[in-house]
Amino acid sequence: MIQNSVPYKEKSIVFIGFMGSGKTTIGEAVAKKLYRDFIDIDQTIESEYGLSVTEIFNQYGEEEFREREKALIKKYSLHRLKVISVGGGAFLQEEIRNTCLENCIVFFLDLSWDSWKDRLDILVESRPVLQGRSIDDIRELFYNRKGIYALHNSKLNTDDLNVEEVSQYVIDSLKTSWELYN
Ligand SMILES: Nc1ncnc2c1ncn2[C@@H]1O[C@H](COP(=O)(O)OP(=O)(O)O)[C@@H](O)[C@H]1O
Ligand SMILES: O=C(O)C1=C[C@@H](OP(=O)(O)O)[C@@H](O)[C@H](O)C1
Ligand SMILES: [Mg+2]
């Protein structure tokens, strides 16, 4: 296993999981509690282009978005003391999985299909990957994507937890691992 020189406590935290699982919301809350900078990769790309992710997909194509996503994650995963939320498709790319797992603490926010589907209506407009798909297609995507999130350092099922409870669980779990591995 590749070792890097960043002390365990200073490693950046990366949130992964399916679209709408709460990476952006929880990442921001955790960053605030830890007094760390928060970086949301989608928001960073949106500010660079001055466009929403949906508009970037429509005007420049998914491939260009994926390249920018990869470049930014490769850069920020080498920074210390950040909280980074990546898009739900980021872990499809091996280079992204590798850089995050080698340099950061990767936290998987898991959610059951039954809980997730209640969020579908609020997600579609801003998630181009969901647009024009039937509910059966989306369910298939949901289960297929589970495989890419299997590589992580910690995981939490958030079905019955609100934002505050999830954030606090993440903090408690990090504190335990910082004590154990210090
Ligand atoms: N634990 C939670 N309980 C209820 N709603 C949540 C929770 N976490 C996130 N949400 C809501 O789900 C939606 C998607 O969250 P978001 O943070 O954008 O997810 P992601 O970044 O993983 O796509 C938002 O409306 C957010 O307020
Ligand atoms: O899963 C995906 O392929 C995507 C997830 C989105 O991020 P969230 O997971 O934050 O919704 C965003 O990166 C883009 O719409 C593509
Ligand atoms: Mg997000």
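Positions of Cβ are set from backbone N, Cα and C atoms, glycine also.
Ser21 (ATP binding site) carries neither a helix nor a strand DSSP state and counts as coil. Taking the Cβ of Ser21 (ATP binding site) as centre and 10 Å as the limit, one finds 23 other Cβ atoms among all the protein chains shown. Here TrEMBL flags Gly20, Ser21, Gly22, Lys23, Thr24, Thr25, Arg127 as ATP binding site.
The feature Mg(2+) binding site is assigned by TrEMBL to Thr24. Every protein chain shown contributes to the tally, and the Cβ of Thr24 (ATP binding site) ends up with 18 other Cβ atoms within 10 Å.
According to DSSP, Gly88 (substrate binding site) sits in a coil region rather than a helix or strand. TrEMBL lists Asp42, Arg66, Gly88, Arg145 with the feature substrate binding site.
With a cut-off of under 6 Å between the Cβ and any atom of ligand 2, the binding-site residues Ser21, Gly22, Thr25, Arg145 reduce to an empty set. Close contacts with ligand 1, defined as a Cβ under 6 Å from any of its atoms, occur at Gly22, Lys23, Thr24, Thr25 among the binding-site residues Gly22, Lys23, Thr24, Thr25, Arg127. Ligand 3 lies within reach of none of the binding-site residues Gly20, Ser21, Gly22, Thr25, Arg66, Arg127, judged by a C-beta closer than 6 angstroms to any of its atoms. Each of the binding-site residues Lys23, Arg66, Arg127, Arg145 was scored by the number of other CB atoms within 10 Å of its CB, and the largest score is that of Lys23. Here Lys23 (ATP binding site) is positioned 18 angstrom away from Arg66 (substrate binding site), judged by their C-alpha atoms. Take the CB of Gly20 (ATP binding site) and look out to 10 A: across all protein chains shown you find 23 other CB atoms.
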